[in-house]
Every structure is written in C-alpha cells, then in structure tokens.
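**Student:** Once you've had a glance at the structure underneath, I'll fire off some questions.
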Amino acid sequence: MKKVRVRYAPSPTGFLHIGNARTALFDYLVAKHHGGDFVLRIEDTDIERNVEGGEESQLYFLNWLGIVPDESPDKPKPEYAPYRQMERLEIYNEYVEKLLASGDAYKCYCTTEELDEDYKRQVAAGHQSTRYSRTCLHLDDETKQRYETEQRPYSVRLRVPTDATYTFNDMVRGEISFESKDIGDWVIVKSNGIPTYNFAVVIDDHLMEISHVFRGEEHISNTPKQMMLYEMFGWDIPLFGHMTLIVNENGKKLSKRDNSVMQYISQYKDQGYLPEAMFNFMALLGWSPKGEKELFTHEELIAEFSEDRLSKAPSMFDVTKLTWMNHQYLKEKEDGEWLSFVRPFAEAAHDLTNKDEAWIEKCLLLFKEQLQYGAEIGSLIEPYFVEPELTDSEKEVLEWETTPVVAQAFLNNLPESWDVDSLKEAFNAAKTESGLKGKPLFMGLRVSATHQTHGPDLMSALYLLGRDVVEKRLNEYINKI
C-alpha cells in the first residue's frame, strides 16, 4: 500500500491564523493516524504578500502547538527537495514546456486592458459568467512570430478540454462534479514567469508523492483545474477532502477582519493558553470523536482520528469552550510546573521584586483552581498589590446594610497572631458577634476586605493581604458609611 503523505503548504504572509492552524492540524492527524508523513511546504510565489519572517513564524507556532513536520525546508529529504516554491521554478518550467509541446497549453499575449474589454463585452452580451475567449489560441504563426520579435509579454494558459466532466469523491462532502465548459482556459504561468497556485501545487504534490490533500472549502473550485493537469500528465490523483468553514458565535465566517475573536495562534499563546489545550480544541473544530469525551491527549487524538467523522456543517469557534478546556489542562499541572507557567504573566502585570518568594508562591497558588488562562493571573492577584477599582457588583455588596456589621465585627476580633488558624477563630467570633451567616457574612467580609466578589479560600486570602492592608480597608470602608 502506498505510504500516506499529507502536506500543509502555507504562504509566508504573517502569523499562523486559526483557520490555517486547523488545516495543518487535520493534515497532521491524517498523516499520523495512518502512520504516514506530515510535510511542510512553503508556497511563496505571491512575492508581494510575503512577509519577512513569515516562514519562521509559521514553523515556530506549528511546533509550539505540537504539529511537528516530518519534512520541511529545514528538514528536507533530498528526493523531494527543495520545499520552497520559489526554489522550484526550473522544475515548473520543465512541465510547462511539456504542456506547450503537446498543445495542452499555449502562450497568451493579451494585455490586461484587452482582457478587461473582452470580459466587459461578455457581460454586455448577457453572459452569466466570463471566461477567456481563446483569442491567442487561434493566432496564426506570423502574428505569434511578430509578438515574439517584439518581446511582447505573455502568460501561459491551459487549454481546457471541452465537454469534460471532473468528478471526485470528497472525503468530507462525498461526490462533487464540475463541467469543463464552466471553467475556461486558465493561466498556469503569469507574465512574470512565476507559476500560478493551481499549476505549481499539482507539480509539487505529484513529485512529493502526496497521497491526501486536506484543505479549506474555498479550494473546492480549484480541484477540477488541478484534476485536468493530473490527467494531462497521466498521474494518479490524490484523495481530496475539503473542511468546512469556521464561524464565529453569530454564525458568520471567521475572517481576519473579525474583531469578535482573536484570530492568531500567537495571540492565544501571549494570553496564556496552553498548546495542548489549543491542539485538543482545534481537533474538535469539524471532527467529532465517538462518545462524549472532550479532553484528549496528543496520542489519543492521533489514535481516534478518522476521516469518516469529519463534519459537513460549519464549526463554531467557541472561545468560552476553549477557555474551559484550557482551565482543565491548567488545573492538572503539578504545582511547580504551574508556577513556572504562571510566574511570567504575574511579573508582567505587577512588580514582584519587593515580595518574599514564599509569599509570591502562596499568593499565586491561591488561584490554581480558578485560573483559566495565564494572563488572567494579573487581575486575580491585583488586590494583593494595589487598591483595585471596585466593580458595580462589588459596590452593590458594600451597600448591603449587613456588610458594615460584619466588617466591624471582624475588626473587633482581629487576631494578634496573623495566620490562617487565628483568622478562622476571628471569623467565627465575628459570626457570633454580628449574628450573621451565609452570604451576608461571607460575601460582606470578602468584598470589604479583598475588594473581590469571588476568589480563593477567604482566610488564605486575608492572610496573604496582611494585617495592615485588611485593617486599613475595613476601617476606610466603615468610616465612609
């Protein structure tokens, strides 16, 4: 059986986008599930859109996610190299010449202005769609020679077969067909000598022995063009699968202009989302495992993944679900590993230099069960470093008629020895003195002393705030009443 080889072929145009990362992940899972190779190829022929460092950024964030290529520009196999399209131009030229020699392609000398006029005439004539009218296919030899002598710029077009049907069994959507009459002769080499995507990708996929092509649904219309080339060269056609759209919470296609959700993997890394959580979450964007299980290890996803469980319906990018998933992964970390992960986010938010190391660790670990993503630690520990701005819900608690009662009662019973056990005794004494219990007691003291409606164990929080801060806050609150 032919070895499974799947490629992810990004353009080096910037950071790794959510949609591209999902494509790379599915490519990776297909390859690894079948014991095959995951290949990273760089499609850098769109020179104007290429960004310096774009290739390195793509590779860095793929590796961060755990989507590690078996082959790439920096891990080449000699029989398939090079892995950047701009380094493969001589290879493409060889196959262009074959198509020109066989009559399956021809030079087109039409200028942009001439093409625009032609398309306008077609629209004016009532054509539903426009296509190239094959002006240059029918040029006589004398005209061709004159254009060559003038060194008139030209592109190369594929001579699309007439009355042909191109049908493929999409691994996600089932059977899909296209008629050649709806396509028209398309450009395989631009006038600058650089091949177009649909031409280069076929040459690359064949020579690199790619067996499965998984990509976004926007590529469905490219498939018949690519199938034409496979047939003209007499090559085996790979299996195609087109993944559904990723949509936002409003059901609209997730686009790079959508500000309702972070768009790039780098943003999630910067916010303190774990790569294993991102890997798990994205695997469920368009694929469903058997059963109700949602949390999977890297190895479990490889073992469970199968193409027949890919969804035909759009997948919603649910940030709430991702955050929940990240929370689960964070909670499972050992204290030392958790602290190492969270510490940089705490240092970015607050000055820790004057704090005792043991105090810092205790303060951070207070929030281990609560922390959903790394950057959240800044707001969670804020009351231990500065006087935070009160939210409306916190102000509401301070306006309860019972809150000053419990605050005063706790002040009356402040312990001399400032430790958790002594604070518990003081709390019980304040409970007896105030006659309060339940929410008025707990919430009243929490908000008046910590300035938070939610948080970790209250006695531990009071201990870390210290006697001076707790006494100051309670006195200031009571004096304002």
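Here the Cβ of each residue, glycine as well, is placed from N, Cα and C on the backbone.
Annotation comment: TrEMBL describes 3-324 as domain 'Glutamyl/glutaminyl-tRNA synthetase class Ib catalytic'. Annotation source TrEMBL lists motif ''HIGH' region' at 10-20. Marked as Zn(2+) binding site by TrEMBL: Cys108, Cys110, Cys136, His138. The feature motif ''KMSKS' region' is assigned by TrEMBL to 253-257. The ATP binding site annotation in TrEMBL covers Lys256. The domain 'Aminoacyl-tRNA synthetase class I anticodon-binding' annotation in TrEMBL covers 345-478.
Would you situate these features in the structure and describe their surroundings?
**Tutor:** When averaged over the motif ''HIGH' region' (10-20), pLDDT in the model lands at 92.
Long-range C-beta contacts of Cys108 (Zn(2+) binding site), restricted to its own chain and to partners at least six residues apart, with a cutoff below 8 Å, comprise Tyr132, Thr135, Cys136, Tyr154, Ser155, Val156, Arg157, Asp185, Val187. DSSP assigns Cys108 (Zn(2+) binding site) to a strand segment in the three-state reduction.
Sequence-distant contacts of the motif ''KMSKS' region' (253-257) (same chain, at least 6 residues past either end, Cβ-Cβ under 8 Å): 17-19, 245-247, 263, 314, 317.
DSSP classifies Lys256 (ATP binding site) as coil under the three-state reduction. The Cβ of Lys256 (ATP binding site) has 11 other Cβ atoms within 10 Å, all protein chains considered.
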**Student:** Give the nonlocal contacts of the motif ''HIGH' region' (10-20) in its own chain as ranges (CB under 8 Å, at least six residues past its ends).
**Tutor:** 40, 42-44, 46, 49-51, 54-55, 57-58, 61-62, 216, 246, 254, 256, 263-266, 282, 317
**Student:** Once the chains shown are all counted, how many other Cβ atoms turn up within 10 Å of the Cβ of Cys136 (Zn(2+) binding site)?
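**Tutor:** Step by step: centre on the Cβ of Cys136 (Zn(2+) binding site), count other Cβ atoms within 10 Å, giving 20.
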**Student:** For a three-state summary based on DSSP, what are the helix, strand and coil counts in the motif ''HIGH' region' (10-20)?
**Tutor:** 3 helix, 1 strand, 7 coil
**Student:** Are there any residues at least 6 positions away along the chain from Cys110 (Zn(2+) binding site) with a Cβ closer than 8 Å to its Cβ? List them or say none.
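**Tutor:** Asp118, Thr135, Cys136 - these are the non-local Cβ neighbours of Cys110 (Zn(2+) binding site), listed in sequence order.
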**Student:** I'm trying to understand the geometry here, so how far is the Cα atom of Lys256 (ATP binding site) from the Cα atom of His138 (Zn(2+) binding site), in Å to the nearest whole number?
**Tutor:** 43
**Student:** Suppose the Zn(2+) site is Cys108, Cys110, Cys136, His138. Which further residues of the same chain have a Cβ inside 8 angstroms of that site's Cβ centroid?
**Tutor:** Tyr106, Lys107, Tyr109, Tyr132, Arg134, Thr135, Leu137, Leu139, Arg157
